[in-house]
Every structure is written in C-alpha cells, then in structure tokens.
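> Got a structure for you, questions after.
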C-alpha cells in the first residue's frame, strides 16, 4: 500500500529503535572498555571475542530471518516478535555487564562469550522483525524515508543520552565503583526497553498486501541470489558499519589516553550522534525527494571520507577544529546510515519484481548479516590495534599506542567510507526504476486478485 504514514505511527515505530539501542548502544559505547578496564579481560581476548561473536550474530540474523518469514499470526508476521522476544533480550543486556570479577581470566572469557552470544541471538530475533516491519507498513518512498530518518534520530538520541547519563558516572571512577554503575543502569534500561517495545507494537500495523504463500527455503535463496542491488547495498553497508563501530569502540580510549580527559567523552558522543545523525536525519527525506536515495548516500559517504581525513590531521593541534571535522564526518555518516534503511526496503520489491516472491525477513536478515559483520570488524579493529601497539590498561600510553588510537578513530573510518562511496556509485536501483517496479507489482496483484475472485465466484 502506498498511503502516507501518520507521525504518530512513525514516532511509535522509532521507539522500537530506542529500545533496541538500550541493549545495542550500551555494547557499542562501553562494552570493550568494561571488559578490559573493569572485568579484567585482556584486550586481545576481548577483541577476538567481539569479532567471533559478531560473526555468530550475523549467522543468527539469517536464522532469525527464516524464522520470521515462516511466521504468520493474527498480529501479523513481524509485530509478535516485539511482544514476546523482548524479555530475553533485555535480560541478556544486563548479564553481559555482570562478569564475576573474582573469577579466573579463563572463566571470565567463557562467561563473556556465552552471555554475549545469548545477547546476539535474542537481539536478532527482535531486531530482524523490527527492521522488516518497515517494508510491511508502506511502499510509499517518502514514508519509508521518514521511517528511516525517525529510527536514525531515535538511535542517535539514545547514544547521546546514554553517554550523558553513564559517561559522567564512570569519570575518574575506580573499577569497583564502575561495576555498580553498570549494574544499576543496565537494569533500569532493561525495564524501560520492554515498555518501549510494547508501545512500538501497539503503534504499528502491517499494511502491505501479500498474495503469494510462504516460499520454500530453496525458492527464497534463489530469490536472494538474483537480487544484485541487495548484494551491492550489503557491501556498502558493511563498509559504513566498519567505519561507524571503529569510531564508537575507539572513543573512550581516545578521550582517556589521547586527550587525557574522560569528561570529553560525552562531548565526543554528542558531536558524533546529536550534531551528526540527528542533524542530518531530518534532511534525508528532502534530499531523497530532490536527488534520489542513491545520490543522497553518495553525498553522505563523500562527506564522511573528507571529514575523517581532516579529523586525523587537525586533531594533533586544535581540538575545536578537530570537533568540527568530526561533526562533518558524522553528518555524512548519518546521511548514509539513515538512507540505508530506505534502500534496503526497496530491494524487497526488486526481488518480488524479479521472481514474484516477497521475502522481507530473509532480505532484511542478509542486510543485517553484513551489518553485523561490519560491527564485528569495526568493533574489533581498535582492540587488535591496541594489542599490537602495546596497550596496557589504566597506564600512561606510549606514542605507538597513541598513534594506534588515532588511526582507529580516524583513518580506519575514512578508508571504509571511501570504499562505500565507490561501491554505491555503481548501485543500479534508481528511484525512477523503483517507481516502475512498484507499479508493475501492484498491477500483478490486481490481476491475481481478479483471477481469485473469478474462480471463487
């Protein structure tokens, strides 16, 4: 259906991403630092775990996508997961920050693996249907862009709020004091997350008409194999997520050891998210209407590339100029992250256009699979660079470690944003082509419905 969605529906949908990020953003902002500086897990072990478990999460996404595509209830295909999958997710979001500090190092690592894997699986079983829900709510391009913008703003505001709430609490705190801080906030956020998921469930409806029966796994996979725009978008998303999570995982180390002021952590997160994504997300629907989704992505990727390169060079002599450069990079990255959701939704119709099979869950899960791989690679790169450069927790760092941190937070994201630009430059699904596809699909559905009506009558 091509109707415009109300702002109440769009806001209600975005609250689901606030809840998502109560679990997700906590990990992105604080988990590596928690493992190394509080729980006593070695940097190399933590980096390896973050990489391997994120790869596990990626495969969990594919499993979740298949589960979602096989479900059909009176609440729809996607909304039931928001109702019944949230409690396990929120429980694991608490457990990952509850590593017993008096255990041996090996036992801590095993506990971290098990709880982080549990968090990843539960997150997949909620986030895959949540993301797929947007494709079932509307086929109207501007509404899809608004849904993407709303969830982008919601996610970024959540990042900023968590940084402001928790960042000052761990400033100059001992590891023992930080344990209590993390325990308190994870419990509070778990309860709030379950409430927000329920509001999201009540605020949304699945409106897109489905004619065909549930396809077999083989047919679903054949549909995916023919979807070239989806694969190109996945590679572009992989690069953007590597860039994003390299910055997130490096930020606390950057302010602590390069700037020597953990109080600047909230400023850094504010620039990255509020100034970046929240400033850029409202612009995306207008940009999409004027120049299309592909060109909007390209502009964002180019801004990100230039901003991160500038950030690397100026950060050694002027913090204010460095923050301006980071804001430019973050705006570009915010544009790409926001428009990415609308591009993914379009690939569902492209697959349906080619094969007659509509597989929202598996399509989104493949997209999320590559995003998780990007998160794994991006989140682990700083840990590996720290380990290779000789990082020792809670000590004055060597020049090699300082350069490693600066590389992780600037040059790594710069390179991957440039690669994303190159890949999407060749992306074939333009807005004009998408409109033609939607018209063709609607015409096919009308013919099918007429045939069904003629047979039954």
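Using N, Cα and C of the backbone, Cβ positions are placed for all residues, glycine too.
Feature annotation from Swiss-Prot assigns topological domain 'Cytoplasmic' to 1-11, 61-79, 130-146, 202-228, 285-296, 344-372, 430-457; the stated evidence is sequence analysis. Under the heading transmembrane segment, Swiss-Prot lists 12-34, 38-60, 80-100, 109-129, 147-167, 181-201, 229-249, 264-284, 297-316, 321-343, 373-393, 409-429, citing sequence analysis as support. For 101-108, 168-180, 250-263, 317-320, 394-408, the entry in Swiss-Prot reads topological domain 'Periplasmic', with the evidence type sequence analysis.
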> Taking the transmembrane segment (373-393) as the reference, which of 80-100, 229-249, 297-316, 409-429 gives the largest number of Cβ pairs under 8 angstroms?
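Out of the listed stretches, 229-249 contacts the transmembrane segment (373-393) most.
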> What stretch of 80-100, 181-201, 229-249, 321-343 shows the most Cβ pairs under 8 Å to the transmembrane segment (12-34)?
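Ranking 80-100, 181-201, 229-249, 321-343 by Cβ pairs under 8 Å to the transmembrane segment (12-34) puts 181-201 first.
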> Are the transmembrane segment (181-201) and the transmembrane segment (321-343) close enough that 3 or more Cβ pairs fall under 8 Å, when only pairs 6 or more apart in sequence count?
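Not in contact, no.
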> Ranking 80-100, 109-129, 181-201, 297-316, 409-429 by the number of C-beta pairs under 8 Å to the transmembrane segment (147-167), which range is first?
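Answer is 181-201, with the largest number of Cβ pairs below 8 Å.
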> Same-chain Cβ contacts of the topological domain 'Periplasmic' (168-180) under 8 Å, 6 or more residues past its ends?
30, 34, 37-38, 40, 101, 262-263, 265-266
> When the pLDDT values for the topological domain 'Periplasmic' (101-108) are averaged, what is the result?
91
